[in-house]
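Below is one structure, written out as structure tokens; comments come after it.
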Amino acid sequence: MSSIIFIPNDADNINSIMVTISSSLSLVGCLFILSIYIYYKELREFQLKLIFIMTINDFIISIIFLIATHIQTKYFDAITNVFPFFCNFPDSLLHYFFLSSFFWEVCIAHTLIQVIKYNNDKVEDNLKKYFIFSNGLSALIMVSLFFIRSYSKIDCHHDSIFPHLLFFIPLLLTWIYNIIVCALLTKTFKEQAMNFGYSLGINGGSGSYINFTNNNSIDNYSNIIIKNDLIINNNNNINVNNNNNNINILFHVNVNNNNNKIIIKRIRKTPNIIWTSIFFLFSFGFIWSWSILVIILKYLSLDVKYILMISYFFIPLHGCMNAVCFGVNDRLRMNLKKSCKNYYYKFLGLFSLDKRKSYGINGNNKNNKNNNGANCEERSLIDYSPDDDDDEDDDNNNNNYSDGNYYQIPSPFLIDSRNSSNLTDYSVILDNNNNNNNNGPYNPTRSNSITELLYNNINSLNAIRILSNNNNNNNNNNNNNNNNNNNNNNINNNDNNNNNNNNNSFCTIDEDETK
């Protein structure tokens, strides 16, 4: 019998099945996070690196559960006979790796509070300290447990209090520390929202709008971070300096033409990192509360059969819970969605001309070269060129796609800015990330600071499309005006031709009269 009950007995078939199901779910979740970290190089940041290391611990835990559940305990008795302080070798391994996983969760929470509350941009220097804290402290606890068992002659019965204290005390401290971090993060975001209101001159920091009149310049607020909706009026009198690179827009941008002012609308929205912390706290407490309840009922000599069965199912789900809470975020979903679109378009044969027409790419229109900006909203985000077999058909249709490879088009914002002349007034605001980063074109998934990265709510593509619609409407109006002017010119030309014909008829000389 193990002092910490992780693995059911050989005769417990139902409990073994439940452990197998839950540990398999955790194994799938861990493999998903590990694969994502290896495949997407742009996501290999410090925060995900910590999650990657914690996921390795959870992966090992899932493997131990699966192996120990389907192998009889007599095969581990040889190790127990040589090292009696192990009591049960698989349970001792699980004890160590669970402690290591708890401490890595503490390190992740510490990183969040350092970045968000204290604006510490050197948290990557703490990686070695995190390794020593997580793995070293876990090993120290296990060594102390083995020392107590060896020299105090304590048996391996489940009623022994020392293993329980050395496991559940770190567990409870981890949960309490994450509660404190969640409370501090919530308080910090509220303070930042209030300070944002005061910096813009909003009374009490709780107002909804700030107006920039014609005499004001947005450069006066060049160091703020806009975490709300920004409504920019299309007014050329407002001064937006191209050197303003420090305004960061994290949500939408809308365009109005009501008055001569810029309106910043403040929307109160709880950041996703807060919801992630809350979800982690509830799931962590729910998973381990059953195990704590089993220990309490055992000390009270009460029946724990059904509660122990629930505990066997939920304890191996610890890795799956970590994968869902920490691994699945907005940036990951955005990259997965983009990859799915790429493979979907590639393998369903969207290289042909007819399929491209269905996505708004018209190859028969000769004026398509000059109307790329007007058709930007109708395009798919990823354009593909035809394969080698379709080259002749595309040449006959005057199509611009003649390569044999597919490629990703530039950012939609760059297309809009090149083909829309009225976008220059706001390009400095929307393109601030591009100006601050010299590694390539604008990327909605890229963040200029670790603090901004934690929001994971960049929705600037919708803003760009709104601006594109406004500019496209202006271009359409200009085209209509030009067409009207051309029609008027044609009418005038027809009138002139009629007048000339009349003049010619009056100037004709009859030959009979001359004779």
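Cβ atoms are placed via backbone N, Cα and C, with glycine included.
Since this is a predicted model, take the numbers as computed values, not measurements.
Membrane topology as recorded by Swiss-Prot puts Asp91 and Leu300 together on one face.
Annotation: stretch 165-185 has the most Cβ pairs under 8 Å to the transmembrane segment (277-297), among 17-37, 93-113, 165-185.
The stretches the transmembrane segment (165-185) and the transmembrane segment (307-327) are not in mutual contact, being linked by fewer than three Cβ pairs under 8 Å (pairs 6 or more apart in sequence). Sequence-distant contacts of the transmembrane segment (93-113) (same chain, six or more residues past either end, CB-CB distance under 8 Å): 4, 6-7, 46-47, 50-51, 53-54, 57-58, 60-61, 64-65, 123, 126, 130, 133-135, 137-139, 141-142, 145, 163, 167, 170-171, 174, 177-178, 181, 184-185, 273, 277, 280, 284, 318-319, 322, 326, 454. Helix, strand and coil counts from DSSP across the topological domain 'Cytoplasmic' (38-50) read 10 helix, 0 strand, 3 coil.
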